[in-house]
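Taking it in order: structure first as structure tokens, then the write-up.
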Amino acid sequence: MCVESDGCELEGCGSSDEVRTLSGSMSPTLRSSPDLRSCRPGQKFRAALLKCKSPVAAAGILSFGNVLNYMDRYTVAGVLLDIQKHFTVTDSEAGLLQTVFICSFMVAAPIFGYLGDRFNRKIILSCGIFFWSVVTLSSSFITKEYYWLFVLSRGLIGIGESSYSSISPTIIGDLFTNNTRTMMLSVFYLAIPLGSGLGYILGSSAKEAAGDWHWALRVSPVLGITAGTLILFFVPEPKRGSADHAAGRLKTPWTCDMKALAKNRSYVFSSLASAAVSFATGAFGVWIPQYLFRAQVVQKSVVPCTQEPCSSKDSLIFGAITCVTGLLGVLIGAATTRLCRQKTERADPLVCAVSMLGSAIFICLIFVVAKKSIVGAYICIFIGETLLFLNWAITADILMYVVIPTRRATAVAFQGFTSHILGDAGSPYLIGLISDNLQKSYPGSDLWKFLSLGYALMLCPFVIVLGGMFFLATALFFLDDREKAERQ
């Protein structure tokens, strides 16, 4: 028997010794009483909703929202060549779209981190996802005379998406512990490469189907509104630290939180390593399809794009590769970490370090083989991205281990701020700017346009190696910081 909080009896809603209130809390066994009355249909519906508010269902919904977050982010990259032709902009101006998005994202993230540690998280998530959905849809109607307005819209979308990325991992962290939490966070962060890849596929496919790239921006908003509604109805608001049996034990001022995070060496070094990953993925996400298209122009297998719609084959292939490598990377990362934990307690940062250093090797090879073999370049991209994506979920798990529950949203937000301001906030624009300046030496040369972008992208493997070094530094302090967090 189950009993609603207002004293009515619900039929067929559990075992005879279970009592559940609408808030989801459990209470001692109650027995049927003559005072209990049958529930009205509306109350039965609300009780049915409670059954759907399981931790696994919540994690699935939050992961779905994360897929949409990144799908929307990279839909623009999937039709970037068309956007350049439509608005008549240079490489650096095209890269500015992603830079403005990330800058607004990282500025808003600490604000949402503060709010997420103190107010209802699922309300903030839903409002954020509704906001970016509406702005994305509106931006698809901007005309070619107002490129600055299109850039501004990407900044507003960044604000909406920052609320989601800052807060949603902390809900999963409060619903699960240990290896289960690692698995659920792996699923959640699998959404990053999966959503990014689907963004390219969605952008390319919608453009091809409609014959107009603007339609690429009109699909994800509908899905976003759906996700926001699901979060409101089916995602619980767990007490902070409840999964760690630490709810409400430690509440500190924001300034105290920031000082503690700054002294947390594992958190600082893993955040810097995360910035290196963001630098590379941000630059690659915007420019690799363009680079491969230019490689084919040099090989005379395609002709340069002079008018819309441009070929989207490379965006489509790169999106599919990103989806597959994201899936493989997150799964291999979770399995490898679980296996290595049996041998060393420093497994998390060490697995990240090795994967980063291995990734740098194959990413370097992309620029060696692309001029002669597009297939060889795709193989290098596949292996390099798989190794790079190994560490996404593991990095989040490191944070959950070394940061106490009541400041995790702040920690996630500032890790996002650091990774963006040092990473993908500037990398797309920086790569485009270097490419533009190099092209001035031989303007009009297709070969030099290809080489210029390749030379600019060669900055990425060096940054990835630096990130591997930061993960090694994290390994030095990981055990001490984890023990300190457990004591608190």
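Using N, Cα and C of the backbone, Cβ positions are placed for all residues, glycine too.
A TrEMBL annotation is a machine prediction, not a hand-curated record.
Worth saying up front: this structure is predicted, and the values here are computed from it rather than measured.
Taken straight from TrEMBL:
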type	residues	note
DOMAIN	58-485	domain 'Major facilitator superfamily (MFS) profile'
TRANSMEM	96-116	transmembrane segment
TRANSMEM	123-142	transmembrane segment
TRANSMEM	184-203	transmembrane segment
TRANSMEM	215-235	transmembrane segment
TRANSMEM	267-288	transmembrane segment
TRANSMEM	316-337	transmembrane segment
TRANSMEM	349-370	transmembrane segment
TRANSMEM	376-404	transmembrane segment
TRANSMEM	455-479	transmembrane segment
Where among 96-116, 123-142, 215-235, 316-337, 376-404 do we find the most Cβ pairs under 8 Å to the transmembrane segment (184-203)? 316-337
Please check if the transmembrane segment (267-288) comes into contact with the transmembrane segment (123-142), where contact means 3 or more CB pairs closer than 8 Å and the residues in each pair are separated by 6 or more positions. no
Which sequence positions outside the transmembrane segment (316-337), separated from its termini by at least 6 residues, show Cβ-Cβ distances below 8 Å to it? 74, 78, 182-183, 186-187, 189-190, 192-194, 196-201, 204-205, 285, 288-289, 292, 347-348, 351, 355, 378, 381-382, 385-394, 397
The answer for the transmembrane segment (123-142), taking Cβ pairs under 8 Å and residues 6+ beyond its ends, is 62, 65, 68-69, 72, 112, 115-116, 149-150, 153-154, 156-157, 159-164, 167-168, 214-218, 220-222, 224-225, 227-229, 231-232, 235
Intrachain neighbours beyond the transmembrane segment (376-404), with Cβ under 8 angstroms and 6 or more residues off its ends: 169, 173, 181-182, 185-186, 188-190, 192-193, 241, 246, 250, 261, 264, 266-267, 270, 273-274, 277, 280-281, 284, 288, 292, 295, 317-318, 321-322, 324-326, 328-330, 332-334, 336-337, 348-349, 351-352, 355-356, 358-363, 365-366, 369-370, 411-412, 415, 464, 471, 474, 478, 481-482, 484-485, 488
Positions whose Cβ lies under 8 angstroms from the transmembrane segment (455-479), at least six residues beyond its ends: 265-266, 269-270, 272-277, 279-280, 283-284, 287-288, 291, 345-346, 348-350, 352-354, 356-357, 359-361, 363-364, 367, 388, 391, 398, 401-402, 427, 430-432, 434-435, 438
Averaged over the domain 'Major facilitator superfamily (MFS) profile' (58-485), what pLDDT does the prediction give? 82
